[in-house]
Amino acid sequence: MATQDGDEGAVMDTETEAKPTEAEALGENVEKADAESTSLTDAGNATTQDSSISNGDDADDKQETVDLKIIWNKNKYDLKIPVDSTGAKLKERIHALTGLPPAMQKVMYKGLLPEDKTLRDIKVTNGAKIMVVGSTINDVLAVNTPKEVIQQEVKAEENKKEPLCRQKQHRKVLDKGKPEDIMPSIKGTKERLPTVPLSGMFNKSGGKVRLTFKLEQDQLWIGTKERTEKVPMGSIKNVVSEPIEGHEDYHMMAFQLGPTEASQYWVYWVPAQFVDAIKDTVLGKWQYF
């Protein structure tokens, strides 16, 4: 019996000692699981943190690029651009550099550079020279402007520096003096147009001229000894006038019959009281009945 009790005691002791061992093992497993969970949580937080910091620019910075030398109009520009950019994209960058619109560019690299292919496709390498041919809109306008028009504009600008009546082209008419049969003038007043033609005046060649306003036909008749020119008032671009120095009760007046001042028809010794009425009638500011 003693042996049996002893055996039973031994067995009980063995079981008692085994239980802490299993608990310890269980504890270790729990700690490992907690550690792994913590590691995963930290990793997740790190991933979230990294993604919140990214601003999307990294992709552009990591693109493969090429350094190009853009040559246009005897000027050279350095340009760094992704090698997978299309020819159209290159034109946009050239526009930013030179101000030359893409539609007016001819980009040359071993021939005309295609807009739909990338620089990689056409084997553009670092240091490649890209030739650009084209003119800006201002350059085109400057080339297409006739020299005669430019000279006229410059001359007109110079002439504005002095009174019209002092300019040589007008002096040769004004120096002839006041016409004998000129209509009387009233300084400082404004009158309606008379029912009869304005007559007794000079034109640029020094010949006699009369002005007839045909309101019912919306025409201005400019009559000389040789002929009468019937001008639609709507075709007259502008009317300018200036008092004649020393005879301020009379004006010199120009009717612009074409697109530039070179088409002005000059009339001298217009009575001052009719000047405003002439301008308003021809330019259509108010209607006479």
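Glycine is no exception: its Cβ is also placed from the backbone N, Cα and C atoms.
Here TrEMBL flags 1-60, 161-185 as region 'Disordered'. Sequence annotations record features per position, and here TrEMBL assigns compositional bias 'Acidic residues' to 1-10. The annotation compositional bias 'Polar residues' is assigned in TrEMBL to 36-55. Residues annotated as domain 'Ubiquitin-like' in TrEMBL: 64-133. Per TrEMBL, compositional bias 'Basic and acidic residues' is recorded for 172-181.
Helix, strand and coil residue tallies for the compositional bias 'Basic and acidic residues' (172-181), in that order: 3 helix, 0 strand, 7 coil [DSSP].
With DSSP states grouped into helix (H, G, I), strand (E, B) and coil, the domain 'Ubiquitin-like' (64-133) comes out at 15 helix, 28 strand, 27 coil.
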